[in-house]
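**Student:** Reproduced below are the annotations present in TrEMBL:
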- Ser10, His70, Gly146, Phe147, Gly148, Gly149, Gly177, Gly197, Ser198: substrate binding site (BINDING)
- His35, Asp37, His70, Asp175: divalent metal cation binding site (BINDING)
- Asp37: active site, proton acceptor (ACT_SITE)
- Asp175: active site, proton donor (ACT_SITE)
Amino acid sequence: MAYSAKIGPSILSSDLSCLGSECVRMMECGADYLHLDVMDGHFVPNLTFGHPMVECLRKSVGQDPFFDMHMMVSRPEQWVKPMAAAGANQYTFHIESTTNPGNLIKEIKESGMKVGLAIKPGTTVEELAPWANQIDMALVMTVEPGFGGQKFMDDMMPKVSWLRSQFPSLDIEVDGGVGPDTIHKCAEAGANMIVSGSAVIGSDDPRSVISLLRTVVAEAIQKRSLDR
């Protein structure tokens, strides 16, 4: 099994006026990567930030943090080169947002970034499957993308389980409503990359929350390897 437990705080939940220091704080609290939500007001109703912000953050925090860009945009092809130049490490786009995933996957790889492929709650996991061997990570949304603080959708877990059974070494990420109360379901289903926003960043002790999430996932991975 090539995958490991990784916890990525969603920085959109932090104080946006102090984004650089918030990123540093999350890494100091043990985060494995940072999850950056890019929303264009079209693909989802909300609006966040673009590549100029990513470029500033990269300069501010240095080369170490792994930036996982969650591109909730209607024209993901448009931002590949700008995001690569800004210092993004992984470009995660939604399968619902493009008519040619194969071309986009190729373009992202050629730009030097890893490839993530995301599906909304209403999209079947079978739509992602044909591309699973070409990507670095599959993202199963556990809320409707666009706004933080939504309730975790338990009924997305069969998608995670199916992906884990079909693609045993794939990185599988969950995003939306994930925290100490819901992590066990995610870990048991087979998710190993955990995006958590308010549960981590809003906590009085982010370090202990990150540690708890990672421990639960690592134990589930170990159990799965023993069961094989």
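Cβ coordinates come from backbone N, Cα and C, glycine included.
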**Student:** Spatially speaking, which of the binding-site residues Ser10, Gly146, Ser198 is closest to Asp175 (divalent metal cation binding site)? Use C-alpha to C-alpha, please.
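**Tutor:** When the Cα distances are compared, Ser10 comes out closest.
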**Student:** State the Cα to Cα distance, in Å, between Asp37 (divalent metal cation binding site) and Ser198 (substrate binding site), rounded to an integer.
**Tutor:** 14
**Student:** Counting all other Cβ atoms within 10 Å across every protein chain shown, which of the binding-site residues Ser10, Ser198 scores highest?
**Tutor:** Ser10
**Student:** Could you tally the C-beta atoms, other than its own, that fall within 10 angstroms of the C-beta of Asp175 (divalent metal cation binding site)?
**Tutor:** 25
**Student:** Which whole-number value in Å describes the distance between the Cα atoms of Gly177 (substrate binding site) and His70 (divalent metal cation binding site)?
**Tutor:** 16
**Student:** Taking Cα atoms as reference points, which of the binding-site residues Ser10, Gly146, Ser198 is nearest to His35 (divalent metal cation binding site)?
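**Tutor:** Closest by Cα distance to His35 (divalent metal cation binding site) among the binding-site residues Ser10, Gly146, Ser198: Ser10.
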**Student:** Just checking, which of Gly146, Gly177 (binding-site residues) has the fewest C-beta atoms within 10 Å of its C-beta?
**Tutor:** Gly146
**Student:** Same chain, not part of His35, Asp37, His70, Asp175: whose C-beta falls within 8 angstroms of the C-beta centre of the divalent metal cation site? Give them in sequence order.
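**Tutor:** Close Cβ neighbours, site residues excluded: Gly8, Ser10, Leu12, Leu36, Asp68, Thr92, Leu139, Val195.
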**Student:** Starting from the Cβ of His70 (divalent metal cation binding site), draw a 10 Å sphere and report how many other Cβ atoms land inside it.
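**Tutor:** Here the count is 27.
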**Student:** What is the number of other Cβ atoms found within 10 Å of the Cβ of His35 (divalent metal cation binding site)?
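**Tutor:** So the Cβ neighbour count for His35 (divalent metal cation binding site) comes to 28.
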